[in-house]
Amino acid sequence: MSDSDSEFSIEDSPKKKTAPKKEKASPKKKKDDANESMVMTEEDRNVFTSIDKKGGGSKQMAIEDIYQKKSQLEHILLRPDTYIGSVEHTEKTPMWVYNMEESKLEQRDISYVPGLYKIYDEILVNAADNKQRDPKMNTIKITINKEKNEISVYNNGKGIPVTQHKVEKVYVPELIFGTLLTSSNYNDDEKKVTGGRNGYGAKLCNIFSTKFTLETSSRDYKSAFKQTWIKNMTRDEEPKIVKSTDEDFTKITFSPDLAKFKMKELDDDICHLMARRAYDVAGSSKGVAVFLNGKRIPIKGFEDYVQMYTSQFNNEGEPLKIAYEQVGDRWQVALALSEKGFQQVSFVNSIATTKGGRHVDYVADQMVAKFIDSIKRKLTKTSMNIKPFQIKNHMWVFVNCLIENPTFDSQTKETMTLQQKQFGSTCVLSEKFSKAASSVGITDAVMSWVRFKQMDDLNKKCSKTKTSKLKGIPKLEDANDAGTKNSQQCTLILTEGDSAKTLAVSGLSVVGRDKYGVFPLRGKLLNVREGNMKQIADNAEVNAMIKILGLQYKKKYETEDDFKTLRYGKLMVMADQDQDGSHIKGLVINFIHHFWPSLIQRNFVEEFITPIVKATKGKEEVSFYSLPEYSEWRMNTDNWKSYKIKYYKGLGTSTSKEAKEYFLDMVRHRIRFKYNGADDDNAVDMAFSKKKIEERKDWLSKWMREKKDRKQQGLAEEYLYNKDTRFVTFKDFVNRELVLFSNLDNERSIPCLVDGFKPGQRKVLFACFKRADKREVKVAQLAGAVAEISAYHHGEQSLMGTIVNLAQDYVGSNNINLLLPIGQFGTRLQGGKDSASARYIFTQLSPVTRTLFPAHDDNVLRFLYEENQRIEPEWYCPIIPMVLVNGAQGIGTGWSTNIPNYNPRELVKNIKRLIAGEPQKALAPWYKNFRGKIIQIDPSRFACYGEVAVLDDNTIEITELPIKQWTQDYKEKVLEGLMESSDKKSPVIVDYKEYHTDTTVKFVVKLSPGKLRELERGQDLHQVFKLQAVINTTCMVLFDAAGCLRTYTSPEAITQEFYDSRQEKYVQRKEYLLGVLQAQSKRLTNQARFILAKINNEIVLENKKKAAIVDVLIKMKFDADPVKKWKEEQKLKELRESGEIELDEDDLAAVAVEEDEAISSAAKAVETKLSDYDYLVGMALIKLSEEEKNKLIKESEEKMAEVRVIEKKTWQDLWHEDLDNFVSELDKQEAREKADQDASIKNAAKKLAADAKTGRGPKKNVCTEVLPSKDGQRIEPMLDAATKAKYEKMSQPKKERVKKEPKEPKEPKKVKKEGQDIKKFMSPAAPKTAKKEKSDGFNSDMSEESDVEFDEGIDFDSDDDGVEREDVVSKPKPRTGKGAAKAEVIDLSDDDEVPAKKPAPAKKAAPKKKKSEFSDLSGGDSDEEAEKKPSTSKKPSPKKAAPKTAEPKSKAVTDFFGASKKNGKKAAGSDDEDDESFVVAPREKSGRARKAPPTYDVDSGSDSDQPKKKRGRVVDSDSD
């Protein structure tokens, strides 16, 4: 319908309406006092005239002029601030506006009239309210005509009723828009979510307008209405009523009375503010298209509206992130980071609550609660106590809500005051929102603010004045001029320890103490870039350096004046010339760069270098400042052996005389760090920032590749300090010196793939092999020997820890301990922390060790050299990948590694498969003597479960813990925590008893009454009692054979690469053995020929000169000593490959001999030649006897036979021999350990039995106290579909997670309620697992006491590493017999090595009242067999042959089963082969069942790979 008056024609009103057709309601007919008072003269309307001026001059005012009564309309115009706010322009205030000219939202300082803005807003809110009255409403049109001073607001949807009010005798549109104190919101019993409340609203807009036009059309009343008011609602025109079309709408057009607002026109500020309000409505009104000046506002919803704000800002260059959530139909909330204190944008029923209110507090408080716990956890190491308002200061909250009957602090409705309980709805933020909120940057912003606050506190501790004398800093040797006017010329020397300080002080004697100060650092400086402020504030070295240098945190030192406040003008680092010394230099540079980068740019930092090697010959002295420089000199100097070589591993090696020499040649030893631009800044940041992990990886990877290439090309290593080096850039220092420490840090932390060792472990093994001790040796003594033999330059305490770790054999440590633990080396009680002092415990090589590292391999390894001393090899080469046998953990620079343990016997089989050219079988983590269960979640994760069983309605028994969960920690952190109660919850457990030993676990736990039933209904007991963990294989990082770090995706990949390296060594070993045997054979042949020639007088040596003897032997074609020559060739080959030259005793003697004492070259040559034939001429005369002659000839023939045997053998044969020898020795060693463990358990049980009170009756079983109870109902751990799907989803790429959900495995069969067939109570997943075992290729001898299952999965990629203590949620599991836990093993191979066994004879059923006698070390029948055999069948089922690959069955114990409730007879068909031996548990009503006791393995056979099981060992109940 058109807006023009011409379209309205005067027609008769509808019959049902009583108002006259065209008659205007005169003022006389209006009975309302307020309306009568609305008829005023021009003088009456001039309400802004000052009352004080009415009287004029000084004439005293009349009482009537002082005390006046005003009408409602007069009061509104006279005191507008009560109703619409101020009518004065505000001061320039930052506000969000929409710039219509540039079409963008912006925040700028504006000045506007709040009253004018309010009357516009009242009309806009009315339009938005109509959406609540009529959900079909979908359009709002806003027009702001600046030139005409005209604003219109149109909305469709249900119009105003066009009918006469029967009480007030006026039309309803006129009543609600032209009569004060009228409203539809006076019924407080009606719950409304609209903006109107007090009955002013649009009337205020009418009153403050020179013209106000209302147009509405009502489809229900089939009429359209139009009326105009002028002169501040004091005059109104006749309403025009016409028949309407089918359209419903309402339109308000008004011209604000600018004079009342002291304005001449609608300025840009108010227009832009009104435009932004239009955008508010568009964002807060769902399903409504809003048009502004004819153009649709492009906002689809509240989230789009929020992004319109946040897109104006960024966080460290990235767009601001938002967390958004719609809660129900009435709440929409969003959160973003605020850098300007707490900000909020909120709407209540479309009203813009610019000052917030209780709705904003309600939402913001929830958001703060989400953050405060995580932030407090991060601040645990600091002294800061964060408050909620401090978090709130970094939040930008957006709220759009619908509130029932809201109340406000004033008519301006800027603050909502309604209490939260009256909102009519709740807004509970979800975990999904919390997760999104954690990524918007608020936590980081709060932490940054905390650091700033702490920095401010730190700065308060800094000295504000420059002083020449300092007190309270121990060991400081202050420069005399420090802190004076000459302080810029002073240099502070930071030394690495007290010994280096002594060296520096000695050197100062030649340069003076006026300009140089010395301060020793204790160890390595803190990495301040990643340390928290509390660490920095508490760090003595940092505080001392700041005080000595006169630094202040708040100063940047960018100006000369600031720089002059320092006590020293230079900082010089004097550290050892090794990698750790480089790290100290880097940390000092990092300290200055982090807080005062401008000092780095001023070249404030220097270093003092000292020689690492000196070569001396007479008065000539050559100094070398890096090992590569020394190696290069040695290669280019023919007579280098004539020099005396001395290595300087630390500054303490230098003498005071040498210190003076260093300081005299300050030009050579003083190296300045030169700033060379942003590249230097980036290099320092990359080396020390936690955020640059990936960059550090790339940096180190590139360096390792370059090192490998140079090595392959035979090039020397690069070094930083040449003879003419006077300065280095920070980038060069990081890339060419600091990188050496970072690589060394990785070598110390991450093992090598080939031998699985870190350098310390390799040194220990090298020393043990070299010592070849036949007797046990004290650990402390062995550590000292290792340091001496292998040139170990660090503390021996670390070596002692390494030795102890190599000898530990408790569950979760080593699968094969290479050293024997003779004494207390730690147990699973405290994870090895309970080991005795190294002074009291002994060790020696394990018999298994040399079978893993054959002595023959020592001849083909590449040994390292240090200080001309042959030390450990680059890596050993065991016969199987030891890194998989014992696992590995470590955190280096840029990388970390975590590799679980695997079964050595399975590794032997995989190696044999590779030798035979067959593919490997999949491996699962395996830990020696672990009685729990390991189930595969996906290709890179395994769930590790402990063991729990139910003893009665309120008692459970825990007999195994997950890997790496130590007994003492479990008791303190889990069980004691479950004993705590709260007001709302009773404790889970009331008591527990401990029966474990140092090798076994047993907790008997008493639960609160009824708690067990409650837990079983809701959760898995493994979850409740923290008996589950996750083992990840996603972080398997190792050094390869070439010394480069690589990431491996599976143990099979590691085995394959190991196989390639090991194969090459077997080829080399064969070549070496052939060479040495051939040399020995040749030597014996020469000796035999020489003896025969001497006997036959063909050789006469008596009374001849040495030279003549040599000539005779050469003439008769006797070879120079073949063995000696061959060994010398091998030694030279090794030295050439290593790039080192080892000085033997002759070389060392030659160096000490002066030139004038040297023997002639001719005589020396004769001596050398004669020594080559000493093996002939040096033989004893007894060798000429017939017996010795024949013995020599026989030895020669035997040696030739050995050569022929070796020639026939392939490298495969050599490897097979080593593997078989290893397995044989391992079996013997484990048998000895098992015997010792059984004896230990038996002794412990006897002690417990003796201590217990015993009554009359049969003797108590001594093993029941420490071993699993025979009557326990084992809870079978299972991985349910939901958990598996969770990990599959975690491992998918982000895009794939949305599009494609992982395929869930089939749900296990559910346990039926009582009355079902008892066989259904067994573990539902067992039959499926058994079927998969064969296809997956598992072998039952993988473990006798662990349980490993593989489930199908997809290939994933994950960054998780380590054994995580995680809730692997699974459904409640059925219970099975306790004994089944100890031998459930999955066969990882297809080898049919276990022969089928005949079924065992049937067993008799026991009376039900008698408890089943479980063997604590026995297993039961397989679950697969149970499904095939009903236990309640009336007819006895025929015996079936055992499956081909089934485990051997054994005789049963008497009274194996419990009889039925009706009688004590044996159930029909229940024998060992046909009955699963399930009986209904006493607590049958709960729906649980108990698996009957397992059988003893009395006389079972064994295959070649599995040692014969002893009586009482477990029968594998689930393997094929």
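Positions of Cβ are set from backbone N, Cα and C atoms, glycine also.
Because the structure is a prediction, the values reported are computed rather than measured.
Annotated features in Swiss-Prot:
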| type | residues | note |
| --- | --- | --- |
| BINDING | Glu496, Asp576 | Mg(2+) 1 binding site |
| BINDING | Asp576, Asp578 | Mg(2+) 2 binding site |
| COMPBIAS | 1-10 | compositional bias 'Acidic residues' |
| COMPBIAS | 12-34 | compositional bias 'Basic and acidic residues' |
| COMPBIAS | 1283-1320 | compositional bias 'Basic and acidic residues' |
| COMPBIAS | 1342-1364 | compositional bias 'Acidic residues' |
| DOMAIN | 490-607 | domain 'Toprim' |
| DOMAIN | 750-1219 | domain 'Topo IIA-type catalytic' |
| REGION | 1-40 | region 'Disordered' |
| REGION | 1249-1520 | region 'Disordered' |
| SITE | Lys524 | site 'Interaction with DNA' |
| SITE | Asn527 | site 'Interaction with DNA' |
| SITE | Arg696 | site 'Interaction with DNA' |
| SITE | Lys697 | site 'Interaction with DNA' |
| SITE | Lys758 | site 'Interaction with DNA' |
| SITE | Tyr792 | site 'Interaction with DNA' |
| SITE | Ser798 | site 'Interaction with DNA' |
| SITE | Arg839 | site 'Transition state stabilizer' |
| SITE | Ile891 | site 'Important for DNA bending' |
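Overlay of Swiss-Prot annotations on the structure.
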residue	record	CB count, 10 Å
Glu496	Mg(2+) 1 binding site	24
Lys524	site 'Interaction with DNA'	15
Asn527	site 'Interaction with DNA'	18
Asp576	Mg(2+) 1 binding site	22
Asp578	Mg(2+) 2 binding site	18
Arg696	site 'Interaction with DNA'	20
Lys697	site 'Interaction with DNA'	15
Lys758	site 'Interaction with DNA'	19
Tyr792	site 'Interaction with DNA'	23
Ile891	site 'Important for DNA bending'	14
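According to DSSP, Arg696 (site 'Interaction with DNA') is assigned to a helical segment. In terms of Cα distance, the recorded sites that sit within 10 Å of Glu496 (Mg(2+) 1 binding site) are Lys524, chosen from Lys524, Arg696, Ser798. Local packing around the Cβ, expressed as the count of other Cβ atoms within 10 angstroms, is greatest for Ser798 among the recorded sites Ser798, Arg839. Note on the domain 'Toprim' (490-607): DSSP counts are 56 helix, 20 strand, 42 coil. The shortest Cα-Cα distance between Arg696 (site 'Interaction with DNA') and any of the recorded sites Lys524, Asn527, Lys758, Ser798, Ile891 is the one to Ile891. For Lys758 (site 'Interaction with DNA'), the nearest of the recorded positions Asn527, Asp578, Tyr792 in terms of C-alpha separation is Tyr792. DSSP classifies Ile891 (site 'Important for DNA bending') as strand under the three-state reduction. Mean pLDDT, taken over the domain 'Toprim' (490-607), works out to 91 on the 0 to 100 scale. Between the CA atoms of Lys524 (site 'Interaction with DNA') and Asp576 (Mg(2+) 1 binding site) there is a gap of 12 Å, rounded to the nearest whole number. Taking Asp578, Tyr792, Ser798, Ile891 as the recorded positions under consideration, the smallest Cα distance to Lys697 (site 'Interaction with DNA') is found for Ile891.
According to DSSP, Ser798 (site 'Interaction with DNA') sits within a helical segment.
A straight line from the CA of Asp576 (Mg(2+) 1 binding site) to the CA of Asn527 (site 'Interaction with DNA') spans 19 Å. When the Cα atoms are compared, Ile891 (site 'Important for DNA bending') and Asn527 (site 'Interaction with DNA') turn out to be 16 Å apart. Put simply, of the recorded sites Asn527, Tyr792, Ser798, Arg839, the one whose Cα is nearest the Cα of Asp578 (Mg(2+) 2 binding site) is Tyr792. Here the candidates are the recorded sites Asn527, Ser798, Arg839, and by Cα distance the one nearest Tyr792 (site 'Interaction with DNA') turns out to be Ser798. Here Asn527 (site 'Interaction with DNA') is positioned 23 angstrom away from Ser798 (site 'Interaction with DNA'), judged by their C-alpha atoms.
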